[in-house]
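Remarks on the structure that follows.
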Amino acid sequence: MRLQDEVVLVTGGCAGLGRAIVDRFVCEGARVAVLDRSVAGLEELRAAHGDAVVAVEGDVRYLDSHKETVAKCVETFGKLDCYIGNAGVWDYSTALVEIPEDRLDEAFDEMYSINVKGYLLGVKAALGALYASRGSVIFTVSNAGFYPAGGGALYTGAKHAIVGMVKQLAYELGPHIRVNGIAPGGLGGSDLRGLKALDLAEVSLSKVPLGDMLKDILPTGQMASAEESTGAYVFFATRSETVPLTGSVLNYDGGIGVRGMSEANRGDLLDQFYSKGALV
């Protein structure tokens, strides 16, 4: 187990990628504190993992929720080694022209208070504990932190902001605390919800046929599941393997950034080459 006796805090840990991270970290020997708004989801975590999990109901938009979670984490487990900012919402690729003028302020504030301020507040609350443990921070970014069309103007702008935060916080907090990010693409099993301000709060990404949409776009030829993406988080959370690693964002998106203009990949060339028996 690669995270034996490590203590981790995950925001948005009750569903989708967040739940997959919690499950994987517990399996790797970690003890995990979770901050989430879902009472039912928190109860499911307690039932699944027992004393390995501390579950706190709260809202990432408020510093007090983060402070309460950090305090309960340290009180229960004695320390905090890694903070994972993961809670977020999506705009379902709503273009600026599609956002009504009378909803733009509300939609902007909702997006940035959750997807940007929520991360910053979490780190602020965890600073003392992470300094004491010489710990680390991991942010869930997105392919939208690097490229257009992974969301609309609100989501893409927010994720670009997180890339900047990774770099700035790595500078400000080093050498005591490492700060890195992981930028997944679309994930199977994701429960990412939309903006309430755009009437998308009850829409779940799990209902969108992303797999069919992405299979011909990604160089890998398939969309990753949430569970398949957790290995990157384990890697960044380990101490022995990542001593010099800070200020980095790992593209974990199926190769979106290397697809060609007209084809997602040219693996057909290998198929043709080997089918002719050129190499065995």
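In case you wondered, yes, glycine gets a Cβ from its N, Cα and C as well.
Listed features, source Swiss-Prot:
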type: BINDING; residues: 9-33; note: NAD(+) binding site
type: BINDING; residues: S142; note: substrate binding site
type: ACT_SITE; residues: Y155; note: active site, proton acceptor
Checklist entry - So which of the recorded positions is most packed in, judged by how many other Cβ atoms lie within 10 Å of its Cβ, out of F25, Y155? => result F25
Checklist outcome for this item: Neighbouring CB atoms within 10 angstroms of the CB of I21 (NAD(+) binding site), all protein chains considered, total 29
Checklist entry - Rounded to the nearest angstrom, how far is the Cα of the residue listed as 'substrate binding site' from the Cα of A33 (NAD(+) binding site)? => result 23
Item to check | Listed in sequence order, residues with CB under 8 A of G29 (NAD(+) binding site) and six or more positions away | outcome: M1, R2, L3, Q4, D5, E6
